[in-house]
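Asks: Sharing a structure here in structure tokens format.
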Amino acid sequence: MALSKDPNTLSNHLEFSTAHTAISLTLSFSKSSLYGEVELTLKALADGLKQVVLDTSFLDIKAVAVNGKGAKWIVGDRVEPYGSPLKIDLGKTVNSQDEVIVKVTWGTTEKCTALQWMTPEQTSNKRHPYMFSQCQAIHARSLYPSQDTPSIKSTFDFSIRSPLPVCASGLPTGVRHFVPATSSSEPGTLVYTFRQPIPMPSYLMAIASGDIANAAAGPRSLVYAGPEELLRCKKELEDDVETFIKTAESLIYAYEWTTYNVLILPPSFPYGGMENPCITFATPTIISGDKSNVDVIAHELSHSWSGNLVSNASWEHFWLNEGWTTYIERRIQGKVHGDKHFHFSAIIGWKAFKESVELFGADHEFTKLVIDLKGKDPDDAFSSVPYEKGFNFLYYLDRLVGRGKWDTFIPHYFSTYRRKSLTSFDFKDTLLSFFSKDAEASVALAKVDWDTWFYKPGLPKKPDFDTTLADACYALAGSWQALNSSNSFFKPSPSDISGWTSGQIVVFLERITDFPTPLRKGLIKLMRDEYGFLKSENAEILSRFLTVGLKAKDETLYSKTAEVLGGWGRMKFVRPLYRLLNECDRKLALETFEKNKGFYHPICRGVVMKDLGIN
Ligand SMILES: [Zn+2]
């Protein structure tokens with residue numbers, strides 16, 4: 001593997017590689033900041049090196065030492081959107097294989113983009129403050145000075161002082177009494193320590209602290225949540241987590257991170273889940289009471305192999321993380337619930353993929369599989385494209401060589417790049433060389449148009465998915481379409497959808513939003529009354545129903561939309577609803593954002609501002 005430059009880091013990662021990161025920090029809820037020391041053990045990759053450059057973004061750097069002695073350092077000018085390089089003079093020349101220990105004393109500032117600090121009022125029981133991190137893609141640099149690129153992986157030790165229980169992306173190694181050096185520490189402070197013995201990139205560094213309790217969700221899994229929500233979360237997850245782990249193990253190889261825990265965060269968490277090692281951070285919107293949204297957990301768990309153990313070397317190859325994960329997630333669903341569910345999930349994914357391509361424009365750079373991110377912010381490229389184009393590419397290869405042979409490649413790929421990072425070109429080489437001795441597979445793979453798959457924007461050819469589960473949804477949507485054009489005697493009733501999975505309801509509603517003519521307002525009221533969608537506690541269903549209503553400019557749903565926008569922070573739901581509300585009633589969209597912007601995570605706040613055209 002040739003090392004290549006990651007365009008989204010200012011660090012000199014081709015000259016030094018972090019082998020170990022030891023972080024010792026204090027959480028201050030009263031100041032909404034954390035501060036402490038980070039010790040990076042760096043290995044030189046070339047001769048004649050005099051300087052280490054680390055990524056930082058809005059950090060307050062207080063001191064730097066190299067091998068135990070004070071060093072000269074400077075924080076360079078800010079380069080948007082990458083932050084400010086911390087340039088450290090080593091005081092001597094360092095050669096390949098030499099080890100350098102750099103210790104930085106620092107604190108975060110109010111401009112930190114990785115952390116969300118919540119007041120007690122913003123949490124569910126309103127008793128204690130809460131904080132959590134979200135570092136992907138390039139926000140770790142606003143949390144601690146690092147080589148903030150997924151091409152560099154290190155082992156970690158965490159030592160975190162907090163007055164409230166702490167979770168972190170490592171294995172817990174204990175809780176200690178804390179003797180404060182100064183009187184400034186908050187009462188009840190303890191030291192929580194964790195160790196991550198498997199090398200991981202900076203973006204997987206994660207911490208959360210708040211009124212968090214835990215309970216068993218499987219033989220090697222705990223669920224963490226607020227004490228009031230714990231039982232409900234445990235019930236939702238406990239039947240499936242171990243089944244998912246075992247199924248993934250049968251496809252790839254044994255789970256390596258020892259424990260697989262899930263932290264259910266407050267509702268402002270911007271993603272469905274974040275695959276932090278040993279502890280997935282997840283949105284509470286997956287807890288719907290009927291287990292219908294737990295496939296998010298199959299997805300995050302799959303990242304334990306694709307993404308966490310085998311990582312994209314830069315965000316330009318993000319499909320290697322997300323496409324593989326989506327593929328494994330669907331294979332798990334197929335094995336657990338039947339092959340029809342693999343296809344059904346792929347059909348839902350294709351719809352999201354098509355919408356992303358339409359939103360960017362079919363010739364947009366970010367609709368390619370391998371993208372150019374030079375000078376760009378990876379958050380701007382985030383969409384379902386890497387997930388779904390990546391999935392469709394892997395599914396195409398799966399069909400091309402045949403499932404039996406393809407399934408022997410899966411463990412080979414994950415073994416080859418275990419604990420490493422790779423590019424799309426490494427993937428191609430590995431695939432071709434694995435099948436080079438198999439004449440039949442080689443002939444099949446010779447048909448792959450790699451340039452088209454990697455660099456052609458827009459949608460590829462849609463595969464013939466098995467539509468068995470979707471057919472009923474399409475048929476019902478067709479009845480509504482006929483009703484909409486007044487040439488039907490169809491009488492909707494609750495029995496139309498009785499026994500349906502929430503996924504089927506989603507497909508039905510998405511089909512409706514695809515109609516060239518929006519539903520008449522009277523029909524939206526009829527749908528609401530007969531199917532009860534407006535009362536659904538399942539965010540997947542409620543958000544789709546509001547989408548149907550907003551597309552029809554149904555004013556009676558504007559205030560409900562504004563209300564749910566104040567209760568969810570998951571971008572999957574928040575961004576499309578803000579865009580639609582903005583088209584319907586810009587004043588209300590802006591007022592709603594203004595009222596709730598403190599509730600959103602900085603990443604969500606930033607992208608919604610762009611979506612709404614607010615500077
Ligand atoms: Zn993912």
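If you go along the chain as it appears here, the first residue is 1 and each next one adds 1.
For all residues, glycine too, the Cβ spot is worked out from N, Cα and C.
Small disclaimer: the values here were computed from a predicted structure and weren't measured.
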Asks: In TrEMBL, the Zn(2+) site includes His299, His303. Which of Glu256, Glu322 does it also list there?
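Replies: My reading of TrEMBL gives Glu322 as the candidate in that site.
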Asks: Average the pLDDT scores across the domain 'Peptidase M1 leukotriene A4 hydrolase/aminopeptidase C-terminal' (468-612) and report the rounded value.
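Replies: Here the predicted model's pLDDT, averaged over the domain 'Peptidase M1 leukotriene A4 hydrolase/aminopeptidase C-terminal' (468-612), is 95.
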Asks: I want to verify one value. Collapsing DSSP to three states, which class is His299 (Zn(2+) binding site)?
Replies: helix
Asks: Taking ligand 1 as the reference, state which of the binding-site residues Gln134, Tyr271, Glu322 have a Cβ closer than 6 Å to one of its atoms.
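Replies: Passing the 6 Å Cβ check against ligand 1: Glu322.
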Asks: State which of the following recorded positions has the fewest other Cβ atoms within 10 Å around its Cβ: Glu275, Glu300.
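Replies: Selected from the recorded positions Glu275, Glu300 on minimum Cβ neighbours within 10 Å: Glu275.
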Asks: Using DSSP, would you call Gln136 (peptide binding site) helix, strand or coil?
Replies: coil
Asks: Express in Å, rounded to the nearest integer, the largest CA to CA distance found among the peptide-binding residues Gln134, Cys135, Gln136, Pro270, Tyr271, Gly272, Gly273, Met274, Glu275, Arg570, Met571, Lys572 named in the record.
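Replies: Max span of the peptide binding residues, Cα based, is 18 Å.
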Asks: Can you see whether DSSP assigns Gly273 (peptide binding site) to helix, strand or coil?
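Replies: Once the DSSP labels are grouped into three classes, Gly273 (peptide binding site) ends up as strand.
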Asks: Whole-number Å only: compute the distance from the Cα of Tyr271 (peptide binding site) to the Cα of Glu300 (active site, proton acceptor).
Replies: 11
